[in-house]
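The following features are taken from Swiss-Prot:
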type: BINDING; residues: LYS91, TRP105, LYS110, GLY129, LEU179, GLU180, MET195, TYR199, ARG314; note: carboxy-S-adenosyl-L-methionine binding site
Amino acid sequence: MIQHLALDALQRHLAGSPLYAWATSLPAQIAARIEEGHGDLARWWSAVQRLPQVQAPTVELAGRFALHSERDAALQPQVKEALQGLIPWRKGPFDFFGVQVDTEWRSDWKWSRVSPHVDLRGKRILDVGCGNGYYQWRMLGAGAESVIGIDPNWLFLCQFLAAKRYLADLPAWHLPLALEDLPEKLEGFDTLFSMGVLYHRRSPIDHLLALKDCLKRGGELVLETLVVEGDASTVLVPEDRYAQMRNVWFLPSVAALELWLRRAGFADARCVDVSLTSVEEQRATEWMRFQSLPEFLDPQDRSRTVEGLPAPMRATLVARKP
C-alpha cells in the first residue's frame, strides 16, 4: 500500500527545500503506522483496488471535483460499487465518471466562502486534518503549487487514494499522520489550512503554536472553527457533548479567537466569514447514512443543539506569521 502514497515523488518534489529532510523520514514513519494497521483497512483498500484502471481525460478541480471519460456510462456500475465500499463519505461532493457521491457535507459551500479570501497561486500548502482530501483537490484547482494533507484516519486516506488513482501526476499527497507526528519547526509551508480541527483540541493555543511552527516567515494561516457570539472574554466550554460530539472542548467568540491568534504570535488576524451551519449543508445521504445535523438540533428550536447550546456557527479567520 505504501507505494501508492507516492512518497518518492514527494521527496523529489521537496528536494532542495526546508522540507526535504522531513520527506526522507516519511517512508519509515508511515510504514510503522501501516504495520499498526486498522481492522477495516484491508476492506477499504480492496474497495480502492476495485475501481477501474482507466484514464480520466477530463478533470475539473476549479469549480467542482469531477472526472470524466468517453466511457462514463460503461464505467459507472463498477465505480459506484467500489466507492460504496468506502461509505461513509463525509466531505465532498465528488463526481467520478458520472457517479455522484453526495457526501454528508456540502464542502463546496464552505470552499466558496473561504477561497475568495486567499491567493493560493504557486503556494506550497499543508492541510491539517484534511479528511478525504476534497479541499486538497480544490486547492490545486485554485492554483496551488502542491498540497500535503495530514489526517490519521485510514478511511479518509483510502477515499483520497480513490481520487488519486485517476490523478496520480498531480502534486497532492495524503499522509496518515497527526499534527503531533510532524517534526518541530518545519517552517516550510506558504499556506496552512486548519478547518474543523481547533474545537477538537484540548489545548487550542498549543495547536495554534504548532501550526505557526509549520509556516515559513510571512506564511498565511487559514483557520476555520466553531464559534459563539460574544466579546473577547467569551468562550463556551461544553459540560459534556456538543451537537452529540464528545470531543468538543472550546468554542470561542470571533474576538476571543483573534486574541488567541495574537497571543500565539500571529499578526494581521482578520475574520473573513461567519456562517450558521444549515441542515442543507450537513445532512445524512445515501453515501453517509448515520445521524447528522438535523438530528443534533433541538426539533423545537433549531437555534439550539439537543443539549440546549447555541447551534453550530463557523468562522474563518486568516492570519500571518510575522
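Keep in mind that glycine also has a Cβ here, set from the backbone N, Cα and C atoms.
Recorded features from Swiss-Prot, shown on the structure.
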| residue | record | DSSP class |
| --- | --- | --- |
| LYS91 | carboxy-S-adenosyl-L-methionine binding site | coil |
| LYS110 | carboxy-S-adenosyl-L-methionine binding site | helix |
| LEU179 | carboxy-S-adenosyl-L-methionine binding site | helix |
| MET195 | carboxy-S-adenosyl-L-methionine binding site | strand |
| ARG314 | carboxy-S-adenosyl-L-methionine binding site | strand |
The number of other Cβ atoms within 10 Å of the Cβ of ARG314 (carboxy-S-adenosyl-L-methionine binding site), counted over all protein chains shown, is 19
All chains considered, the count of other Cβ atoms within 10 Å of the Cβ of LEU179 (carboxy-S-adenosyl-L-methionine binding site) is 20
In whole Å, the longest Cα-Cα distance within the recorded carboxy-S-adenosyl-L-methionine binders LYS91, TRP105, LYS110, GLY129, LEU179, GLU180, MET195, TYR199, ARG314 is 26
So LYS110 (carboxy-S-adenosyl-L-methionine binding site), by the Cβ count within 10 Å over all chains shown, scores 23
The number of other Cβ atoms within 10 Å of the Cβ of LYS91 (carboxy-S-adenosyl-L-methionine binding site), counted over all protein chains shown, is 23
